Amino acid sequence: MATLIRSKLSNKLSNAATAVTNKSQAKVSGMFARMGFQAATDEEALGFAACDDLDYDHRQGMQMDILTSDEMGGEASGDGGVMEGDSHYQRDGTGPPHSASKDGGSTNELTEVRPKITAWEAGWNVTNAIQGMFVLGLPYAILHGGYLGLFLIIFAAVVCCYTGKILISCLYEEDEDGQLVRVRDSYVDIANACCAPRFPSLGGHIVNVAQIIELVMTCILYVVVSGNLMYNSFPNMPISQKSWAIIATAALLPCAFLKNLKAVSKFSLLCTMAHFVINILVIAYCLSRARDWAWDKVKFYIDVKKFPISIGIIVFSYTSQIFLPSLEGNMQKPSEFHCMMNWTHIAACILKGLFALVAYLTWADETKEVITDNLPPTIRAVVNLFLVAKALLSYPLPFFAAVEVLEKTFFQDGGRAFFPDCYGGDGRLKSWGLTLRCSLVVFTLLMAIYVPHFALLMGLTGSLTGAGLCFLLPSLFHLKLLWRKLLWHQVFFDVAIFVIGGICSISGFIHSMEGLIEAFRYNIED
């Protein structure tokens with residue numbers, strides 16, 4: 001009997017050792033196959049998937065939640081008997097909330113700090129980002145691009161909607177059960193995953209720099225256009241454009257106290273309402289002059305020198321990718337993200353195309369960089385007041401995102417943070433956190449005063465960071481992370497977007513820089 005027991009134990013230990021050895025070999029082989037040194041067999045790939053670190057972390061997370069619920073008494077929920085550590089909660093966030101954290105404290109405080117938003121609120125944020133103040137520069141793009149500029153408005157909407165979706169798909173991986181699990185939280189996490197293991201933080205640094213430039217430039221443009229609009233609305237008042245910009249910035253200082261996207265969503269809703277009022281007023285005036293529309297002025301050829309600037313303007317008017325991971329992560333139902341992206345970009349494409357074409361037909365070759373400057377003085381003052389209100393209400397979203405990037409990079413990066421956390425244990429903003437936010441507001445003012453060229457700044461930003469964040473990086477990351485799962489047409493789309501985006505980015509950047517140098521050389525004011 002003892003011999004039989006020893007024999008069974010020996011067999012079990014031998015089998016376990018063999019299984020562990022096979023898994024280890026499969027994992028090593030799979031790693032080398034990913035690095036391109038050799039091809040893994042089907043059995044090795046299967047073993048590698050079973051031992052994947054992402055799946056391991058996910059399983060560990062579920063086990064810790066189950067242990068936590070067991071420590072609290074192992075009580076099931078009232079209806080279906082679902083434990084608090086159930087995998088359904090882990091995968092899509094629809095399960096019951098955790099009762100306690102690992103240290104016994106309540107986790108409801110985190111929910112209060114970061115309240116979830118609905119698909120409609122997320123849609124208002126995206127609509128505000130892609131259908132905001134920068135629509136004022138689109139008629140100027142038609143001036144230099146003609147029908148090709150109109151086509152690009154539609155093309156950019158389709159491409160940006162697609163790249164937004166594939167960017168979010170890069171946040172997810174399949175676990176061992178074939179279920180999608182959100183294993184990354186931000187654009188930076190995606191970039192780091194693509195550059196690992198050789199350069200685990202290089203991608204994050206590149207994306208962080210591009211994000212900060214994009215967001216801060218957006219804030220600067222809001223201040224520039226506010227000063228420009230107020231100055232042109234009241235030209236007889238002894239107040240310069242720079243002074244109007246200072247007044248607008250004073251109204252923006254309360255943005256330093258924003259803590260979550262819930263408050264920003266309310267501003268975005270007001271922005272969208274103001275945007276519709278502006279569009280109705282401008283289009284109504286243009287329709288009143290429909291008999292004088294200059295259809296013959298819409299050309300099929302392009303201005304080779306200035307059209308690349310128009311490309312940057314069009315691309316920049318659709319930039320929202322830097323907000324999308326945060327928005328999708330804050331949505332109550334992330335499964336509604338794709339539908340939200342579809343209706344926001346379709347609406348933006350239709351309204352932008354109609355607005356740009358109708359406005360250009362009304363003023364033709366006299367179309368100015370900010371289209372409202374073409375309106376008669378009385379109507380211009382009314383429309384510009386709405387536009388200034390919209391600019392001030394649009395400012396919080398990119399400002400909040402820029403602050404979030406800076407805080408995570410320099411203040412909340414665990415043991416690698418350069419400075420202490422901006423928030424105290426009770427969630428209150430500390431003095432240096434408030435100083436950071438106020439300094440960012442002041443910096444946008446200084447840039448708006450010294451570089452007051454709306455269209456050129458918009459084209460430069462769109463060509464430099466807009467094309468990179470909206471076209472180049474999403475397609476590149478999608479190919480890198482999901483290469484084995486992509487169909488041939490998806491690979492073709494990603495490669496085509498990368499090539500076209502690269503060409504547009506380089507040409508737009510060069511011509512925008514030439515325009516800015518010329519403006520400073522001859523002291524040209526907007």
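Residue 1 is the first one shown; counting continues down the chain.
Each Cβ is built from the backbone N, Cα and C atoms, and glycine gets one as well.
Listed in TrEMBL for this protein:
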- 116-513: domain 'Amino acid transporter transmembrane' (DOMAIN)
- 70-109: region 'Disordered' (REGION)
- 147-168: transmembrane segment (TRANSMEM)
- 209-231: transmembrane segment (TRANSMEM)
- 243-261: transmembrane segment (TRANSMEM)
- 267-287: transmembrane segment (TRANSMEM)
- 307-324: transmembrane segment (TRANSMEM)
- 344-363: transmembrane segment (TRANSMEM)
- 434-451: transmembrane segment (TRANSMEM)
- 457-479: transmembrane segment (TRANSMEM)
- 491-510: transmembrane segment (TRANSMEM)
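Simply put, out of 147-168, 209-231, 267-287, 457-479, 491-510, 457-479 has the most Cβ pairs sitting under 8 Å from the transmembrane segment (307-324). Counting same-chain residues at least six beyond the ends of the transmembrane segment (434-451), those with a Cβ under 8 angstroms from any Cβ of the stretch are 216, 219-220, 222-224, 227, 242, 245-246, 249, 252-253, 255-257, 399, 402-403, 406-407, 422, 457, 516. In this chain, the transmembrane segment (491-510) touches the transmembrane segment (147-168); three or more CB pairs sit within less than 8 A of each other, excluding pairs fewer than 6 residues apart.
Here the transmembrane segment (209-231) touches the transmembrane segment (457-479). Their Cβ atoms form 3 or more pairs under 8 Å, with each pair 6 or more residues apart. Using a Cβ-Cβ cut-off under 8 Å and counting only residues 6 or more beyond its ends in the same chain, the transmembrane segment (491-510) has close neighbours at 159, 162-163, 166, 308-309, 311-312, 315, 459-460, 462-464, 467-468, 470-472, 475-476, 478-479. Within the chain, the transmembrane segment (243-261) has long-range Cβ neighbours (under 8 A, six or more residues past its boundaries) at 113-115, 117, 125, 223-224, 226-227, 230-231, 326-327, 330, 388, 391-392, 395-396, 399-400, 403, 429, 434, 437-438, 441-442, 444-445, 448-449, 452.
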